[in-house]
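Have a look at the structure below before the remarks.
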Amino acid sequence: TANIILVVAENMLGDKKVTVVFVLGGPGSGKGTQCSNIVEHFGFTHLSAGDLLRAEIKSGSENGTMIENMIKEGKIVPSEVTIKLLQQAMIKNENDKFLIDGFPRNEENRAAFENVTKISPAFVLFFNCSEEEMERRLLGRNEGRVDDNIETIRKRFKVFVESSLPVIEYYDAKDKVKKIDAAKPIPEVFEDVKAIFAPYAKAT
């Protein structure tokens, strides 16, 4: 049976050849806005790990209940669970170009994704932005309880740096990171994004 399992693992996406781009950036780096632009202009499908988990919870499936309980207990959802959802989404979708947003969050996610799917990203789009700038943007978004917001923001930022930077370093060593200065105004950031995605432009 070991051989059969192996064959299945290697054909997880069937015969479908896919282009995957990982999108990473701290909270407030503006990657959501740019993902929408990439979808619109370059015909990619945007997959957000967080959205897929939330949708699974909403569906009321057994898997969804398990995910919900883990989140409630403050546990991290195992990589395999998220990867399976990403895989299903890629298989179900007609498209063969995907932006995967907010994943891999850490080195363990990354290794598991490549092991399970046998997919290596075409490149990693990294929205690089200083903590000061992200803080300014996030605080501008929600008026009111500044103090506890700033605490939460700093925590989220710290988690991002500690867990995601090793992923960026790993791909950087393979020459696969395309770093974008995300502190610039949105239209300028998109000009940089367009230059990177030019090879993937939709045939008109």
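Placed from the backbone N, Cα and C atoms, the Cβ positions cover glycine too.
Other Cβ atoms within 10 Å of the Cβ of THR33 (ATP binding site) number 13 in total over all chains. According to TrEMBL, the feature ATP binding site maps to GLY28, SER29, GLY30, LYS31, GLY32, THR33, ARG141, LYS184.
For GLY102 (ribonucleoside 5'-phosphate binding site), the Cβ neighbour count at a 10 Å cut-off comes to 21, with all displayed protein chains included. Summarising the annotation, TrEMBL assigns ribonucleoside 5'-phosphate binding site to ARG54, LYS75, ILE76, VAL77, GLY102, PHE103, PRO104, ARG105, ARG145, ARG156.
Taken from TrEMBL, the feature CMP binding site covers ASN109.
Annotated pair SER29 (ATP binding site) and GLY102 (ribonucleoside 5'-phosphate binding site), C-alpha to C-alpha distance, rounded: 12 Å. Here the binding-site residues are LYS31, LYS184, and the one with the most other Cβ atoms within 10 Å of its Cβ is LYS31. The least crowded of the binding-site residues GLY30, PRO104, judged by other CB atoms within 10 A of its own CB, is GLY30. LYS184 (ATP binding site) is 21 Å away from GLY102 (ribonucleoside 5'-phosphate binding site) when you measure Cα to Cα. Note: the Cα of GLY28 (ATP binding site) and the Cα of ARG54 (ribonucleoside 5'-phosphate binding site) are spaced 20 Å from each other. Checking each of the binding-site residues ILE76, PRO104, ASN109 against GLY32 (ATP binding site) by C-alpha distance, the shortest gap belongs to PRO104.
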